[in-house]
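Please read the structure below before turning to the comments.
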């Protein structure tokens, strides 16, 4: 190779003849020598170019005394005279941009003498290691490739991202992300989608969104990654916003994206969007997909429209176990527990077996109904299949017996459980609280702490419910102090329970101070403080709280108005009572039986017999409280 570069021209060129008579043959000889010279120059240039390309593709190894230079230089010089321009490696790439296939003989010759670049094989090795789950080896192999100067391939990077996720190394992922930015591969759809998916696995949704925004033309998989990240973190509003942006970009959703959009509609309680997704599922041809149809059933159930939920279930072509469990849980969510139990019977008649989800729904329905007989039937079913000691089914049984008022059986099931978690202890504690067993609830709380289970805000809120009496005011203060030591930042639920406890114990000033210190207030917080002032017989303070509530743009509900009517009833405030009555008529809440009963009490207390009689004629639903108000309080005046 060196000799050809130092001496590119041949030695024996023909000389011109001084005799003019032989001028023409001399020109012919000169032309022939010129063609040979041109061919020789091209051979040398092309062979040098091929050798230079191989040196760039293959990193140079350590040279020794036995291997001072390229191992193939002598072979190239030996084979150079027998080659033509068309057969020189690299000549076709220099002269023509169209790819050319090698002949079989050239491949065998390269396999025998010339070294391979190794990039494709090493990239394939990284991909294979990633598919095998050998993440540490993927990272080590990628580092070795970078140290040897191998260019970054967009086909290798997704495997490296997956390895960073498998090793749970977010720092390494950010380092590879920096390399992607340096190589200007952020806009590539495969690399960008894989990187966004890795950030989603680490729950870095903001970083995932920034990576997604860099992709030049995101496809359905890219949108699925970012929408799925929001759905996994229950950020349903952002998931729906991303889905809307996907529709505006003109990308059609696949099954997974459509399922997440339906779930977002159900979580947000937006039936209009859910109906749009239902229509889109039909238009896109997903009518035979059971997953989409099951999500539609769940969506309509969360939106509170059981008719649409049942209609979708009845029109399903192929129902599976999930379809039955979804419709049963929707019935229970809407409080239709009798219908849920009937659906369990129809499910068995259709040939489906009861699984753990069906049993959990059945036990929950019995708990809502307070039907201990049917609950015992489910309990016996669990015992026959040795499932009563499972933590999930056992917790459901404890909750059911607690709501049915049988705490002995609840404690028996709790003691038989193989494993107890926080939910199990909370179910037992809630049972004691609902049945008013203060001492047992406190003992359960002490046992819970002795088992190294840390109480949370829901636990303290449960305990405060049993302290809403002047007799247990000291217990409530102790629980308050313990909650301050354990919990860093109380939520609005726990703070509202504290306000309610202090108000019922006669410490309305403490309740007001806690209300002022709240970082967040909702309608229940305002109603709790207002009810405290009503019970404490402070009409001026109650009216002030109601006015501040209106200034804070908090719309009162029927509980707020019921508290104000109770105040007017006890204090005989006819003026405020009429204003509340006018508000009921204006908002269309005058037909509520509870508010109508309180209006009757208020007008009777104020001596307005005719107004009380007019309200009585409007009452359509007459229960025991209405009849008690009629005959016990008013006697013959309203008959």
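Cβ atoms are placed via backbone N, Cα and C, with glycine included.
Any TrEMBL annotation is an automated prediction that lacks curation.
Annotated compositional bias 'Polar residues' per TrEMBL: 64-75, in sequence order.
The compositional bias 'Basic and acidic residues' annotation in TrEMBL covers 95-110.
For 1-31 (among others), the entry in TrEMBL reads region 'Disordered'.
Taken from TrEMBL, the feature region 'Disordered' covers 58-123 (among others).
Residues annotated as repeat 'PPR' in TrEMBL: 219-253 (among others). Assigned with DSSP, the residues of the repeat 'PPR' (219-253) fall into helix, strand and coil as follows: 27 helix, 0 strand, 8 coil.
Per TrEMBL, the feature repeat 'PPR' maps to 289-319 (among others). The repeat 'PPR' (289-319): residue composition by secondary structure is 22 helix, 0 strand, 9 coil, according to DSSP.
The repeat 'PPR' feature in TrEMBL is assigned to 320-354 (among others). Using a Cβ-Cβ cut-off under 8 Å and counting only residues 6 or more beyond its ends in the same chain, the repeat 'PPR' (320-354) has close neighbours at 290, 293-294, 297-298, 300-302, 304, 306, 309-310, 313, 361-362, 364-366, 368-369, 374, 381.
Sequence annotations record features per position, and here TrEMBL assigns repeat 'PPR' to 421-455 (among others). Outside the repeat 'PPR' (421-455) by six or more residues, the chain places 391, 394-395, 398-399, 401-403, 405, 407, 410-411, 414, 462-463, 465-466, 472, 475, 486 with a CB less than 8 A from a CB of the stretch.
The annotation repeat 'PPR' is assigned in TrEMBL to 522-556 (among others). Beyond its flanks by at least six residues, the repeat 'PPR' (522-556) meets 492, 495-496, 499-500, 502-504, 506, 508, 511-512, 515, 563-564, 566-567, 570-571, 573, 576 of its own chain at Cβ-Cβ distances under 8 Å.
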